[in-house]
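J.: Can you keep this structure in mind? I'll have questions shortly.
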Amino acid sequence: MAVELGVLLVRPRPGTGLGRVMRTLLLVLWLATRGSALYFHIGETEKKCFIEEIPDETMVIGNYRTQLYDKQREEYQPATPGLGMFVEVKDPEDKVILARQYGSEGRFTFTSHTPGEHQICLHSNSTKFSLFAGGMLRVHLDIQVGEHANDYAEIAAKDKLSELQLRVRQLVEQVEQIQKEQNYQRWREERFRQTSESTNQRVLWWSILQTLILVAIGVWQMRHLKSFFEAKKLV
């Protein structure tokens, strides 16, 4: 089963109050759905990778559990404790920020330090166990980004917060996450602008180079034809 996650970005006209309001509303709606729950199948030596766009200084929590296909029952059963998953996370600069072996069910966490596309890869350690024996493994994965990664029930119990205090804390963290998302969108716009300017500059220089090459070829052809006609005494 192939699963593709995407985000639709609507860009209002800049410089208008309505555009700023719409952008804020879109960010709020997007933040409300930043949890990504899915499942996928992997083979014995297969690796699955996912791309998640994450702002900087944002916590990400991934929960997973594995199921092994039982050929006799023809259904997926909970995997044995000996079957583990290796999780590797790379930042947009391709630096490894997490690489660790986990069990058949577990949780991994990391905090982004660079905004952009983070690569999350999982594969099993099944080559060490004959119980897998070329079968298929089903992995249920749930990724929570930003304030959605917080367990507010646990926070309230730990810090002894009232319902009002907890709600205020949730709102504060939501506002902070919105600010991070806005900063990330501005960073993306700046990168896009730089890429566009660089591309336009290259196109301009390539056009100038093509023009110079054509002029040089034209001059060379005229001189060559003149020499040819003079050699044939036609001029």
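Glycine residues also receive a Cβ, built from the backbone N, Cα and C atoms like all the rest.
These numbers come from a predicted model, not from an experiment.
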J.: Of the ranges 81-120, 121-160, which one does Swiss-Prot flag as region 'Required for interaction with STX17'?
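T.: Swiss-Prot lists region 'Required for interaction with STX17' for residues 121-160.
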J.: How long is the line from the C-alpha of N125 (N-linked glycosylation site) to the C-alpha of K160 (N6-acetyllysine), rounded to the nearest angstrom?
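T.: About 41 Å separate the Cα atoms of these two residues.
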J.: Work out, from DSSP, the number of helix, strand and coil residues along the domain 'GOLD' (47-145).
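T.: Counts, helix then strand then coil: 3 helix, 62 strand, 34 coil.
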J.: Given a 10 Å Cβ-Cβ cut-off, pick out the one of the recorded positions N125, K160 that has the most other Cβ atoms nearby.
T.: N125
